[in-house]
Amino acid sequence: MVIDKSIPKATAKRLSLYYRIFKRFHADQVEKASSKQIADAMGIDSATVRRDFSYFGELGRRGFGYDVTKLMNFFADLLNDHSTTNVILVGCGNIGRALLHYRFHDRNKMQIAMGFDTDDNALVGTKTADNIPVHGISSVKERIANTDIETAILTVPSIHAQKVTDQLIEAGIKGILSFAPVHLQVPKGVIVQSVDLTSELQTLLYFMNQNHLD
């Protein structure tokens, strides 16, 4: 199967949603799904579904629908969801603690293997109820040196985000999901995905206000 390497970011962001939909269809024992069924489940139009799928070659035949099991496995391969991906969490404040207790592995094959915070944080040296150890940030390089961990969730205050990012990159981290509302400078080969809760809420309020004006 030929995959177009120049996949738009908007399409890339929908990949996990497609995977979730096909897993749901599979659980409901749906064998074939049309682009309209997929679109309705996603809250988008069927033309967007067909355009997204076109980047991955021939996923289905027009008029026959899409094989649910085949597509579920395809997206599992694409998202590397056949094997468990271990990640670390850096910053055990309110958001960080909530994420430490979130059971990623119940929904996907991802799990937080370790938490990190400032060396003097009271949580350092303890474990969560799910047996996740919390370490001091100064030990991050040695802690992940002999592991397969390349991904970090960053939930530190904005003023510390860049410094901690530099430490993570030096330790070998290649991907960062950042909750800090600042732009992070990273070298080529390191990917940052930002989650700005304030921005998302403001966007929601904007669209709500637009609805009131209509």
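Counting begins at 1 with the first residue displayed.
The backbone N, Cα and C atoms fix where each Cβ goes, glycine too.
Lifted from Swiss-Prot, the feature list:
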- 17-56: DNA-binding region (DNA_BIND)
- G91, C92, G93, N94, I95, G96: NAD(+) binding site (BINDING)
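Among the listed binding-site residues, namely G91, G93, G96, the Cβ with the most fellow Cβ atoms inside 10 Å is that of G91. If you count neighbouring Cβ atoms within 10 Å for each of the binding-site residues C92, I95, the highest count belongs to C92. G91 (NAD(+) binding site) falls within neither a helix nor a strand when secondary structure is assigned with DSSP, and so counts as coil. In the structure as shown, the Cβ atom of N94 (NAD(+) binding site) sits within 10 Å of 9 other Cβ atoms.
Note on the DNA-binding region (17-56): DSSP counts are 28 helix, 2 strand, 10 coil. Listed in chain order, the extra residues whose Cβ falls within 8 Å of the Cβ center of the NAD(+) site residues G91, C92, G93, N94, I95, G96 are R97, A98, L99, D117, T155, V156.
Each residue in the DNA-binding region (17-56) has a pLDDT score, and their mean in this model is 93.
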